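Undergrad: Take a look at this one; I'll ask things after.
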Amino acid sequence: MTSWNHTVVTYFEFLPFSSIPEIQGSLFCLVLLMYLSTLVGNILIIMITMTDAALQSPMYFFLKNLSFLEIGYTTSTIPKMLVNFLTKRKGISFLGCATQMYAFSLLGITECCLLAAMAYDRYVAICHPLRYTTVMSWNTCFLLSAISWLTGVLVALEQTTFIFTLPYCGPNRINHFFCDLLPLLKLACVDTYKNEIITYIIAVLCVMVPFLLIVVSYVRILHTILKMPSAGGKRKTFSTCSSHLFVVTLFYGSGIVTYLRPKAFYSSSSNKLLSLSYTLMSPMMNPLIYSLRNKEVKQALKRLI
């Protein structure tokens, strides 16, 4: 391992998102529109969950945290990407790259944990409704949120330090639109096989463990719903967690395919598109999913407007 002070590379350059120069302007407009939509949608969710009396419950406390995460998640990568669309020198400093990776990893890992906490909230609400107010007290909500953030902070710090203490002394061109793990490992001047194994282990622990907790929660929820006597009761109960289920599918689907697929199926172009889907598409869609499928959120938006 070498320290940051002994690193030869002090600047990383991003390769263009597309090899066709003529579509750079169209891509810039599309990404900018999606980014602004993400900001507006998530800010609206935060506003209504903070001000509307009907939305002062644990479910919307976690939704407010999720929207805050989504804003930071996209802002850690997309503004720099937009700047690179307009400049000839599409790059970032060594320290800036480390900072970007830390912020992106922190917010991504925290979101994985927060989605698991939201699944637990829905599990308690549906499977143990009489104990819901006792189990999901505000202290419990703050504790679950704090654990999610602390996990993100510690794991991201370890992972970023691990990546940026590698020696970078050769090529400095990243075939991506932000400082991500796998493209950076390819630029290191040493054999990174062990580093890749450790990276995959961390990904499995930080991504798959919350995912398995979500799966277990929804298996129990589905078992409880199926035992209900009326079809109307089943639909009404499922509707309370359907929005969260859509968000989990969107976020984890693209994330798992990006980071945990076999190397034989890895390509830089497909990786860029998949990365764009979970860094921008998922945060943009979340407010729409919750507002279109949740009557309380729709009513709160109407009152706000």
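Every residue gets a Cβ built from N, Cα and C, even glycine.
Found this in TrEMBL, in case it helps:
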{"type": "TRANSMEM", "residues": "25-49", "note": "transmembrane segment"}
{"type": "DOMAIN", "residues": "41-290", "note": "domain 'G-protein coupled receptors family 1 profile'"}
{"type": "TRANSMEM", "residues": "61-82", "note": "transmembrane segment"}
{"type": "TRANSMEM", "residues": "102-120", "note": "transmembrane segment"}
{"type": "TRANSMEM", "residues": "132-157", "note": "transmembrane segment"}
{"type": "TRANSMEM", "residues": "197-222", "note": "transmembrane segment"}
{"type": "TRANSMEM", "residues": "243-261", "note": "transmembrane segment"}
{"type": "TRANSMEM", "residues": "273-292", "note": "transmembrane segment"}
Undergrad: In terms of Cβ proximity under 8 Å, which residues at least six beyond the ends of the transmembrane segment (273-292) contact it?
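TA: That would be 31, 34-35, 37-38, 41-42, 44-45, 63, 66-67, 70-71, 73-74, 77-78, 104, 176-178, 180, 243, 246-247, 250-251, 254-255, 257-258, 298, 301.
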Undergrad: Hey, which of 61-82, 102-120, 197-222 has the most Cβ-Cβ pairs under 8 Å against the transmembrane segment (132-157)?
TA: 102-120
Undergrad: Report, as numbers and ranges, every residue of the chain located at least six residues beyond the transmembrane segment (102-120) whose Cβ falls under 8 Å of a Cβ in that stretch; write 'none' if there are none.
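TA: Residues 59, 62-63, 65-66, 69-70, 72-73, 76-77, 144-145, 147-149, 151-153, 155-157, 159-160, 178-181, 206-207, 210-211, 213-214, 217-218, 244, 247-248, 251-252, 255, 279 contact the transmembrane segment (102-120) from elsewhere in the chain.
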Undergrad: Report the mean pLDDT of the predicted model across the domain 'G-protein coupled receptors family 1 profile' (41-290), rounded to a whole number.
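TA: Taking every residue of the domain 'G-protein coupled receptors family 1 profile' (41-290) together, the mean pLDDT is 85.
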